[in-house]
Every structure is written in structure tokens, then in C-alpha cells.
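Participant: Quick paste from TrEMBL:
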BINDING   A:His114, A:Tyr151, A:Asp339  divalent metal cation binding site
BINDING   A:Tyr151, A:Val152, A:Ser153, A:Gly154, A:Gly155, A:Asp183, A:Gly198, A:Glu202, A:Asn311  substrate binding site
DOMAIN    A:29-345  domain 'Gcp-like'
REGION    A:244-266  region 'Disordered'
Amino acid sequence: MIAIGLEGSANKLGVGIMLHPSDGSTPQVLANIRHTYVSPPGEGFLPKDTARHHRAWVVKLVKKALREAHISVADVDCICYTKGPGMGAPLQSVAVAARTLSLLWGKELIGVNHCVGRMLYAYYRKIRSLTLLDIEMGRLITGASNPVVLYVSGGNTQVIAYSSQRYRIFGETLDIAVGNCLDRFARTLHISNDPAPGYNIEQLAKKGKQLVDLPYTVKGMDCSMSGILAAIDGLAAQYGLNGEQKEDEEEHEITGEPVSNETLSTRKPTRADLCFSLQETVYSMLVEITERAMAHVGSKEVLIVGGVGCNERLQEMMGIMARDRGGSVHATDERFCIDNGIMIAQAGIMAYKTGFRTPFKESTCTQRFRTDDVFVQWRD
Amino acid sequence: MTTADPPPSSSTYTPPPPFNTSTTPLIPIYQGAEAHLYKTTFLTPSTPAALKIRPSKPYRHPILDRRLTRARILQEARCLHKLVKEDVSVPAVLGLDWEFAVAADNEGNRNGNGGSWLVMEWIEGEVVRVILERWERYMKGLARESGSQEIPEGEAEKVRGLLRKIGAAVGSLHKAGVIHGDLTTSNLILRPFSPAAANAPEEEHSSPSMEGEIVMIDFGLASQSVQDEDRAVDLYVLERAFGSSHPRTEKFFEEVLVGYRESYKGAGPALKRLEDVRMRGRKRSMIG
């Protein structure tokens, strides 16, 4: 059984091809390619421009994926696409592409919830590695695969745990997502969007030393990011760091010597210091709400998914927390944290096997699509 | 000392002075996300007390950690003190230290921030989460026996009564001008009316008793406010906690709001605001 997955809920257009052999052996990734719309520094990706990018690239990517997978159209069983949540215009472009392929090739359509696709994908990868471990150690590992999931990306910030056939949301952001907060601050500082604003903030933050005071907004297991963004934008403006980096801007020498606390508290913060402070504050909040959810459900494992999950500092902080609780962190690596077509193909093929179809009439897309709206048939 | 101190792990954690020299053993009760809770005694060996230790969090930047640890323990103590004065059922504060030293190093120096501690009155009883979980298990067993998902009226009424009491307790808290900030069923204790009932062993396969008084605990994220917005968010957090931890009781949550509405004058506007807060929750489903 072969599925093509089309993912384009934000600025990345991904096409993945997944093979589930009929003999039940390990599923294989036949192709996993992607093209990203990179907006100019100081600007975010606008729905209109992103949709145009997706329309321009989708045919090329699908053709390339088929070539890479060494399969023909006749081998494909179903076309899976992201139904939501995401940005309206890009979602529509991808839905239209999926419908066109479905009609053109006479294949079944499967609409997939982006968040579930992503979690299932990470989950599935973990099971595989645990299974390998089992074979090596010659014994079955049981009861270790019910992690608390922190889902952090440009559009989502949720703490999720599985209970009674649904992924239940224990905590989430009350306003903007953490990735959105970081991206928008990158825009304030005119940091490059290539390869990703969050990645560039992370690199800059490594040079930061001084922690500036920012709001710390945790409410139970929920958090809020918009006030922090406003506060740090305000600080950037106050120190003249917004806009493009100026020629005369003071850059502190990076030496091996630690800077004394007095020097730190009196000197003017740099761009790096602001990035450092923003990361330290928001990641502390995320680790805190994850820890609270772990304490609440009694789980010792954490799984970080989503684009922000690539951040090494977040992984490090989460690792320290999990270790203190006698548990561990599973983070998906960079190739899989970022939106990709494979996760959609994987979720779609699982749904397809259970008999799920998206009739042509219902092959719409929706900007709102909650994770806990999906009835999970493939897990018990 | 040449190497960095390993962060305290749950098993090897030693309590700070004066509790490390106390003759009464510290009985670990619970390791929450933020704090370790122990049962100990205060002043006399027959006065039980709850000791809450907030170890510093090694994953956080030290400055941020210090700021948060200090602010939270002081905030917690202030809120509890105010509530006790207003006669709201919460544990009374007995003492605290907002920054205790870490264990002495080889030269006998005690530096840095080991965290903070707070000693409070000991509250007898079980947390509501445990009671509801036991009840949900009992209902599941009942449904298996009878083959019907129907909840017997007597059981439903019992849970409604408990939820109304919870609503009234939250109302008395808000009336006193305090917001809890982390209302979950783990932070509500049902204190039996008589000490004898507290000691009576609960039978695992019977429907749990829901008699008693609701006492709110863990004011670690509490703040002082009389704004409808803050009150509404407090209720919203509780509503979500019910939905995610006790799916079977979700349909009874309305009773919490009934109890809340009757508890004080300002409840109406806060409940009105709750509707807005619910709508604002991100990506609410468009169909119900």
C-alpha cells in the first residue's frame, strides 16, 4: 500500500511517499522532499505569497517525489493532504492540488489533521526504535510508551497526553504560539528568515550572557506569549536594537572569561542578550508546564515534537527536568520536527487502512482543527 | 569543590536545616512539579504539619530561578495568610525561608540557592482527584456489571453535591480577593467532618464517601486580584482540569458553577466573563 502525503499548512511545502508492505513488514519512506518559502528579513510569510509559492512548486515536487521513489502513478493507493489547522490560503492551494491529483489519477483522498499526523509520526518512530531495542535485549519492554507530548511550532503550543481514545490537551498557549513569538521577534531585529528565524535566534542566543527581566506568564498548565513579545519588542526599541543591525552597534567581545555580575547588570543588553533572555524565559515556561502535566498524569517520559522542538536549548532544559524526575526525553530530530509530507502520508495511510475516506465533497480544508476532535482508531 | 553539585534527585534529596536535624522523620507525601511535600511535626511531636520544599530548578537560568522561587513562596505565604484571616478553608502558614543554603561543601561553606520551604498546617483527607478516580473506577465496574452506561441517580447526586461544594469553596476564595492560579482536582482536599472518618479505611470497590469540607491547597501560583477576568480564567483552568483528568465527570461540571454562583455577590459577572474566556481558548472547535 502506497500513500502520497501533501503538507502545506504554513510556509513549507512537503511531499512524502510512504510504503506499507502488504506482508506487514516495516513501513518504508520512499521519498521525503520539501521546498520552503523564505520571506525577506523583517517580514513574515504572508498567506497570499505563501499560497503562490505552493502553487508554483507542487507539481515539480510531486514529480520529483515519484521519481525518487521509483514508482509510477499506478502504484499509488491514496492521496493524503493536510486538512488543517493552518493558514487558509496555503491549505487551499494544497487541497486543490490533492483533489486534482485524485481526479486525474482516480485515487482515494484522505484529509489529515496536521497535529495528529505529526504526533503519530513521532510516536511511530519511537515504537520502531523500542522494538529494535527489544530484539537486541531479547525482552519485551512494556508500559514505557505513554509520554507527555509537548507540541511546539509556529502555530501550536500544546501539552498533550493520551487518554480514553483521544489526545487530550492539558495545557496550551492562551494567545500566540511560541514559534510565532520567536519568529516575530526575529522580524523585530531584522534577523534573516533563512533557513528559519527560530534557528537564527538560537545561534544568536548562544552568544548572549545577560538575562533581562521579562514577564513570566504561566497559568496552571497554560501559558501566554503575547505579553512577553510586547515586552521584549519594547526593550529592543528602548535600546535601539530594532530594525536592521547598525554599523556602529556595539558588539561585546566574546572571550572565554565569564563576565562579572556587576558588569552584566550595568551594561546595555545586546541583540544576543535579548535572544538569550527570550529563549531562557519562554523555554522555562514550556518545561514548567510540561513538568506539571507529567506530575498530573504520572508520566516520566516527554516527547517533544514540532519545529521549535529542534531547539537544542529547549531539549537540554527538558532533559534536565526529565532526569530529575527519573525519566527521559525523546525529541524528534531536525528532519522530522519540520513539517513534512511523510507524516501526513503516514497518518493518512493508517486512516485509509481502517476504511476511512474523505469524499470529494468533503475534501475541504479548515484553519481550525483541534487535536482532540480526532477519534483515534489506530491506538488503544 | 571542583565539580558541580549534582541537582537533587527525588530519591537522594536531603531536606534543608532545620528539618535535617529534626527528630521527627520526614514522610514524603508527594513530589509535584514544583515542590516536594513532606509530613512532619511542628513545635510539638503531636502537631502534624505539611512541609513544602521548592528545590531550585537546575534547568532554569539561576537569576530567573531565584526570582521565581522567591516571588512564588512569598506570594503563596501572603495569600494563605490573607485567606486564613478571611476564614476561607486553606492551610495556615507556620513558617518559611525563601532561600535556604545548599548542603555545605568541603570547606563548610553554604552558598547558593537550594530553594525555599514553607511549613503549613496539616490537612486530613484525600485529594479530590483520588476520590473522583475511585468513583470513576467504581462507575466503570458498575457499567460492566449492568451493561448500561447510565449513572444511577444517587451516585450522580453525590458527585453533583461534591462539585457544588467545590464551586462554593472557589467562590469564597475569590470573594476574599485571591486567585488560585492552578485549580486542579489535585489541589482540592476533601476534609472529612470527623477525624474518625478520616482514619476509616476506604474500601477499594465501594463508592467513595464525598462527605466533608473542601480545603484548597497549593497556592504556589496564587495572586491577589478582584478582577472578573482573573476569576474567570481561574474557573476556566478548573474546567479544563476536569475535562482532561475526569472525562466521566465532565457533564457535571456545571454544578461547580452553580455552587460558585451562590457563594458571593460578584459571582455573576465572573461567570459571564467565563463565557468570553471559553470562546477565546485557542482553536476552539467551531461545532460545539
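Think of each number as a place in line: the chain as shown, counted from 1.
Just so it is clear, glycine is given a Cβ too, placed from its N, Cα and C backbone atoms.
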Participant: Would you mind pulling the longest C-alpha to C-alpha span across A:Tyr151, A:Val152, A:Ser153, A:Gly154, A:Gly155, A:Asp183, A:Gly198, A:Glu202, A:Asn311, which the record has binding substrate, in angstrom?
Facilitator: 18
Participant: In which DSSP state, out of helix, strand and coil, do we find A:Tyr151 (divalent metal cation binding site)?
Facilitator: strand
Participant: Within 10 Å of its Cβ, which one of these binding-site residues (A:Gly155, A:Gly198) has the largest number of other Cβ atoms?
Facilitator: A:Gly198
Participant: Rounded to a whole angstrom, what is the C-alpha distance between A:Tyr151 (divalent metal cation binding site) and A:Gly198 (substrate binding site)?
Facilitator: 15
Participant: Could you state the CA-to-CA distance between A:Gly198 (substrate binding site) and A:His114 (divalent metal cation binding site) to the nearest Å?
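Facilitator: Each residue's Cα considered, A:Gly198 (substrate binding site) and A:His114 (divalent metal cation binding site) end up 20 Å apart.
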Participant: Roughly how many Å separate the Cα of A:Gly155 (substrate binding site) from that of A:His114 (divalent metal cation binding site), to the nearest whole number?
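Facilitator: Cα-Cα distance, A:Gly155 (substrate binding site) to A:His114 (divalent metal cation binding site): 11 Å.
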Participant: In DSSP terms, helix, strand or coil for A:Asn311 (substrate binding site)?
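Facilitator: SS state of A:Asn311 (substrate binding site) = coil.
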Participant: Can you give me the Cα-Cα distance between A:Ser153 (substrate binding site) and A:His114 (divalent metal cation binding site) in Å, rounded to a whole number?
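Facilitator: Distance (Cα to Cα, whole Å): 12 Å.
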Participant: Quick check for the class: what is the C-alpha distance, in angstrom and rounded, between A:Asn311 (substrate binding site) and A:His114 (divalent metal cation binding site)?
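Facilitator: Here the two Cα atoms are 21 Å apart.
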Participant: For A:Ser153 (substrate binding site), what is the tally of other C-beta atoms lying within 10 angstroms of its C-beta?
Facilitator: 26
Participant: For A:Tyr151 (divalent metal cation binding site), just count the other CB atoms lying within 10 A of its CB, please.
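Facilitator: Other Cβ atoms within 10 Å of A:Tyr151 (divalent metal cation binding site): 24.
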